[in-house]
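Trainee: Residues or ranges marked as substrate binding site in Swiss-Prot: Phe47, Ile48, Ile49, Gln50, His51, Tyr110, Arg114, Thr250. The feature heme binding site is assigned by Swiss-Prot to His236, with sequence analysis given as support.
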Amino acid sequence: MSQAYDPSQEGAKMSYAKDMSYGDYLHMDALLATHHPQSDAHDEMLFIIQHQTSELWMRLVLHELRAARALLLAGGDFRPAFKMLTRVARIFDQLNSAWDVLRTMTPSDYTTFRNALGNSSGFQSHQYRLIEYMLGNRNTAMMKVHEHRPELHAMLAAELEQPSLYHVALRALAAKTGASFAPEVYRMDNPHSADAAVQAAWRQVYEDPAKYWDLYELGEKLVDLEDYFRRWRFNHVTTVERVIGFKRGTGGTSGVQYLRRMLEVELFPELWHLRGDL
């Protein structure tokens with residue numbers, strides 16, 4: 001019979017009474033103490049962890065988007081920002097895979113604890129709203145949901161004072177191509193809508209990638225990001241429809257119909273529309 005493997009025989013440290021351990025570094029005790037089901041239903045734990053892990057990934061999305069925006073604002077080498085935007089796209093790919101786990105919960109499973117949720121709903125996520133605001137979909141009506149938490153409301157209001165990631169990209173586009181955009185293009189308190197001059201400038205880039213390589217790659221990184229973001233939204237819709245059908249959402253929205261409306265939002269419309277012009 002073979003002996004049980006003992007890592008200490010190869011020099012692995014096995015005592016952490018006076019040193020920081022894995023659990024200490026990650027604050028695992030605090031992290032694992034955050035799950036508080038409001039019912040005895042077995043599947044409520046799945047529901048909680050699905051949403052909590054999504055919020056953790058969103059925390060990283062915000063971290064990467066802020067850094068990418070700062071780098072683009074500073075000008076110079078865009079490549080570090082490209083890495084961050086690629087990471088954001090991959091995070092949404094990861095979040096897409098997570099829907100497959102939640103889909104193991106059937107409508108019957110969900111009904112065992114749905115009433116325990118009260119009026120809490122995913123559209124109340126301030127981190128998701130920050131992501132939307134940072135990407136340029138600045139629907140200020142959604143801030144009302146956070147009026148009961150002044151610190152969150154202030155955080156969202158502060159974001160509206162900053163240029164979105166796409167605003168920053170458009171400034172770089174104008175600077176490097178010599179294009180000029182109307183002031184409305186840079187408005188920070190409204191969702192961005194397609195602009196003919198912006199589309200023409202992006203077309204200039206895509207018709208000569210070698211000349212405008214940084215802008216060309218930036219455009220494609222933004223398209224990648226929105227592509228994965230759209231898939232995440234679509235998977236959200238199909239998962240909700242699969243679990244609750246066309247019932248109203250717990251937060252009072254129209255549920256699936258509300259989510260389908262979100263599928264129509266274009267974050268970087270000119271980058272999609274120009275493809276038909278090439």
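Using N, Cα and C of the backbone, Cβ positions are placed for all residues, glycine too.
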Trainee: Hey, which of the binding-site residues His51, Arg114, His236 is the loneliest by Cβ count within 10 Å?
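Mentor: The binding-site residues His51, Arg114, His236 were compared, and His51 has the fewest Cβ atoms within 10 Å.
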Trainee: Whole-number Å only: compute the distance from the Cα of Arg114 (substrate binding site) to the Cα of His236 (heme binding site).
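Mentor: On Cα coordinates alone, these residues lie 17 Å apart.
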Trainee: Fill in the CA-CA distance, Tyr110 (substrate binding site) to the residue listed as 'heme binding site', as an integer in Å.
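Mentor: Approximately 15 Å lies between the Cα of Tyr110 (substrate binding site) and that of the residue listed as 'heme binding site'.
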Trainee: List the residues of the same chain that sit at least 6 positions away from Ile49 (substrate binding site) in sequence and have their Cβ under 8 Å from its Cβ, in sequence order, or write 'none'.
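Mentor: Residues satisfying the criterion: His35.
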Trainee: Taking 10 A as the limit, how many CB atoms besides its own sit near the CB of Ile48 (substrate binding site)?
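Mentor: Total other Cβ atoms inside 10 Å, all chains included: 16.
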Trainee: Tell me, how many other CB atoms lie within 10 A of the CB of Tyr110 (substrate binding site), whichever protein chain they belong to?
Mentor: 19
